[in-house]
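Per Swiss-Prot, the features are:
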{"type": "SIGNAL", "residues": "1-21", "note": "signal peptide"}
{"type": "CARBOHYD", "residues": "Asn5", "note": "N-linked glycosylation site"}
{"type": "ACT_SITE", "residues": "Asp70", "note": "active site"}
{"type": "CARBOHYD", "residues": "Asn110", "note": "N-linked glycosylation site"}
{"type": "CARBOHYD", "residues": "Asn164", "note": "N-linked glycosylation site"}
{"type": "CARBOHYD", "residues": "Asn193", "note": "N-linked glycosylation site"}
{"type": "CARBOHYD", "residues": "Asn237", "note": "N-linked glycosylation site"}
{"type": "CARBOHYD", "residues": "Asn346", "note": "N-linked glycosylation site"}
{"type": "DISULFID", "residues": "Cys445-Cys491", "note": "disulfide bond"}
{"type": "CARBOHYD", "residues": "Asn564", "note": "N-linked glycosylation site"}
{"type": "CARBOHYD", "residues": "Asn585", "note": "N-linked glycosylation site"}
{"type": "CARBOHYD", "residues": "Asn590", "note": "N-linked glycosylation site"}
{"type": "CARBOHYD", "residues": "Asn593", "note": "N-linked glycosylation site"}
Amino acid sequence: MAPNNGSWLVLSISMMLLSHGMIIIAKDQAIHHHDDDHDDMLINDHQMINDDDPYRTAYHFQSPKNWMNDPNGPMIYKGIYHLFYQYYPYDPVWHTEIVWGHSTSTDLINWTQQPIALSPSEPYDINGCWSGSITILPQNKPVILYTGINNKNYQVQNLALPKNLSDPYLKEWIKLPQNPLMAGTPTNNNNINASSFRDPSTAWQLSDGKWRVIVGTQQGKRGLAVLFTSDDFVKWNNTGNPLHSTEGNGIWECPDFFPVYVGKSLGADTSIIGDDVKHVLKLSLFDTQYEYYTIGRYDIEKDIYVPDEGSIESDLGLRYDYGKFYASKSFFDDETNRRILWGWVNESSIQADDIKKGWSGVQAIPRTVVLDKSGKQLVQWPLAEVDMLRENDVELPSQVIKGGSLVEISQITASQADVEISFKIPESNYVEELDSTCTNPQILCSQKGASIKGRFGPFGLLTLASMGLEEYTAVFFRIFKGPNKYVVLMCSDQTRSSLNPTTDKLSFGIFVDVDPINEDLSLRILIDHSIVESFSAKGKSCITARVYPTMAINDKAKLYVFNNGTEDVKITKLSAWSMKKAQINLSTDNTSNMSYNSNKVEKEEF
């Protein structure tokens, strides 16, 4: 528990007033305020998204329309799941004056739209309410720490509280009058660059009673997770030393720092410390738009994070996902003892196409995160709740797939599906040698795509395929022989995903830590119109792709097992399902424009 000093009393009193609905809102501070009716803060659906849009997802989280990016502050409160997200309600293109969208769910699959939680209104956030996190304080009190872009376009950190703690949906939030709580300087003389200082993490508390939080910044090209401490969650002190820093990769966005149990498939509360846990530091690299993580040790005496020996601290290191996946945020679900991960999946289309369809951005399916039994990497898997959308189960018997073969998986909706498949290869002396210079799996996948014959591989699945194979997104394995062991390459090849010449058609790849002789090679793929999420080796490696077929859409899409290698491979298991449509962000108001509300606490209330 934090000490009961004066500042903590301020926060405690404010929380008490909020819980009894006694806070006075400063209505005169609102901007773009059309009506005092709270429901007017809902997103205007007067111009609805086209229901026939072939790229609109059916069971992935999306905003009702327009622009969405980072997931913010996911949590569970009074049995209700909350997801906040970076949202621009007027345009499917990013703008700095962004707000916090908000949705709630009882199952993490079906979502109800809630009023905007935070919007620009005060000098400290007038140019945008950027990303942040939620921390659950003692007595189950959630608070938001977020980055505001102030009236000088500097980045500062602010606090917001729920207006009514008895409301499980937390529809209204109040900004603290002491904001901003953390700030840099234009001269960078406090080791914080005021123009690159953002995305506060979930806070954690140690036995000394102090709260700790990290914020991403940079010094030149050195990325830093600046560490702040507080006795009361209001007055924050820069410790002067970062939790961690690395030279050469620019600003660290959306830092996430959390413990993982060793030898347990359970999540851990963010403040857990002990001999049976390691720590994960995840960073999103603005310069490359990739993110990486390391696993290591948290030295609580020095308040520093030390990655395990051999860790690669760059975008060539370990990633949650080797495709389109950025600005991720995890939280601990204390009701199910899971750590759950959200991540933003950006478009691969040109801006003109985004404007035409009226929306941009998808959230990946939420995933559980645990430490692999090796202790060297994380394992991710779609939440078990996703399985409740499955229908029309199709099973294929164990069979050999000869080189050059193509087998259709029929009787499911191939544009909206979930498929699990496992392969087995025989031990052989006829395996391609891996060139010792081929150390980058993404480059290797681009050179050896699905159409390039090998020996063992490529074999896998052709998703979102047209009948004549003019279009398909291939997810496959290719086996090589390295100096001392077999090497398994997993690829997501989008080079033939669309006949539209303007879409980005990349190949993503990763070397999978699996023994192909003694273990099955498994894939699980979630297909949802314009997104293909692939999980291999039971979640050791993940690749997410955004694709926009012109022919393989809706009921015209096909799903195939293929083997374009010269050697036979065996399917040991194949199960596929159509996926039902989830209820996501159906509007509860269709009558009025969304308004921005300042949600500011009058100072004289304290």
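Placement of Cβ uses the backbone N, Cα and C atoms for every residue, glycine included.
Asn164 (N-linked glycosylation site) has Asn110 as its nearest neighbour among the glycosylation sites Asn110, Asn193, Asn346, going by CA to CA distance. Neighbour list (Cys491 (disulfide bond), Cβ cut-off 8 Å, at least 6 residues apart, same chain): Pro441, Cys445, Lys448, Gly449, Ala450, Pro458, Ala474, Val475, Phe476, Phe477, Arg478, Ser507, Phe508, Gly509, Ile543. A 10 Å cutoff on Cβ-Cβ distances gives Cys445 (disulfide bond) a total of 27 other Cβ atoms nearby, all chains included.
Each residue contributes its Cα atom, and for the residue listed as 'active site' and Asn564 (N-linked glycosylation site) those atoms are 38 Å apart. Counting only same-chain residues six or more apart in sequence, the Cβ atoms lying under 8 angstroms from the Cβ of Asn237 (N-linked glycosylation site) belong to Phe228, Thr229, Ser230. In this structure the C-alpha atoms belonging to Asn346 (N-linked glycosylation site) and Asn110 (N-linked glycosylation site) are separated by 21 Å. In terms of Cα distance, the glycosylation sites that sit within 10 Å of Asn110 (N-linked glycosylation site) are Asn585, chosen from Asn193, Asn564, Asn585.
The separation of Asn193 (N-linked glycosylation site) from Asn564 (N-linked glycosylation site), Cα to Cα, is 52 Å.
All protein chains included, Asn585 (N-linked glycosylation site) registers 20 other Cβ atoms within 10 Å of its own Cβ. Asn193 (N-linked glycosylation site): 21 other CB atoms within 10 A of its CB, across all protein chains. Reported as a whole number, the C-alpha separation between Asn193 (N-linked glycosylation site) and Asn585 (N-linked glycosylation site) equals 37 Å.
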